[in-house]
Amino acid sequence: MKLIPLALCSAARAAWRESFPLGGRDVARWFPGHMAKGLKKMQSSLKLVDCIIEVHDARIPLSGRNPLFQETLGIKPHLLILNKMDLADLKEQQKIIQHLEGEGLKNVIFTNCIKDENIKQVIPKVTELVGSSYRYHRGENVEFCIMVIGVPNVGKSSLINSLRRQHLRKGKATRVGGEPGITRAVMSRIQVCERPLMFLLDTPGVLAPRIESVETGLKLALCGTVLDHLVGEETLADYLLYTLNRHQLFGYVQHYGLGEACDDVASVLKRVAVRLGKTQKVKVLTGTGNVNVIQPNYPAAARDFLRTFRSGLLGPVMLDRDILQSSPQADPCLALGPRDV
């Protein structure tokens, strides 16, 4: 059995910040406005499409999805893929599914495209959805054409490559990156399956023109949907520290050998920087002239903290735990209409 250090046990009983200071943050500045062009291109390609696959990050299953997808692309059969399940704490997976069903999303698959987990469920589900829908002017086409959509950096291209590995035994067809903005245009069709003959359209990540709240924006940024420097690496590191402590996830203490948990980001980043040797010389003007002083490199430490979290080294996390806890518990009576009770 893995023992938890005494410092962590006392930390679990400590009082952490109850809220994160959100005032004065301009969320609109974080998200590029050119994405409306990408959404228009997707709309113009709809007549070629039989089904929509929306990919989203499993760590934020209930927030951050672009509502315009449902409004503008909602006339087609829709499958929601919650990717990066290996990085998500899915203890309440059933509650997540029930919450999504309440929003009208009845077709949901959790995946890990890096290890091809649950990928074999995708093609049969898409085939079922297309088969049970009216294809309009595409009824005579023997092949299926599927559009892959989602906010940036949730694994759309990784899904396409994973499907090709599973069904065609072929390698990468689309470039994959660890930061948003790798796919910049609606691409040509990419074959992912032979039987049934199926092609996918990869699309650029499109965020909502208006993010519902600053905290939703921070969750999206923490998952890498926008470039870190737009939000501020130290701001993101602080929100990450706040989240980990609130959820009593103290893996960062052991990973960096900090000795004890702490809720002050400056103190944590200072210790991380010193431990990793991320320091810098700074000239300080004194009464006797300039003196070189070695200081912690806070931005470098913040980058390492974020990178370590995103790679899963600090353990799985559910960033939407606040939404899950505030939603009503599943009650079978609530699902019944007045005539059924």
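Any Cβ shown, glycine's included, is placed from N, Cα and C.
Automatic, uncurated: that is what TrEMBL annotation is.
The GTP binding site annotation in TrEMBL covers Asn83, Lys84, Met85, Asp86, Asn153, Val154, Gly155, Lys156, Ser157, Ser158, Gly205. Around the Cβ of Gly155 (GTP binding site), the same chain contributes Val55, Asp57, Asn83, Lys84, Thr111, Cys113, each under 8 angstroms and 6 or more positions distant in sequence.
The domain 'CP-type G' (36-209) scores a mean pLDDT of 86 in the predicted structure. Per TrEMBL, the feature domain 'CP-type G' maps to 36-209.
For Met85 (GTP binding site), the same-chain residues 6+ apart in sequence whose C-beta sits under 8 angstroms from its C-beta are Ala58, Phe110, Thr111, Asn112, Glu117, Asn118. Largest CA to CA distance in the GTP binding set (Asn83, Lys84, Met85, Asp86, Asn153, Val154, Gly155, Lys156, Ser157, Ser158, Gly205): 21 Å, whole number.
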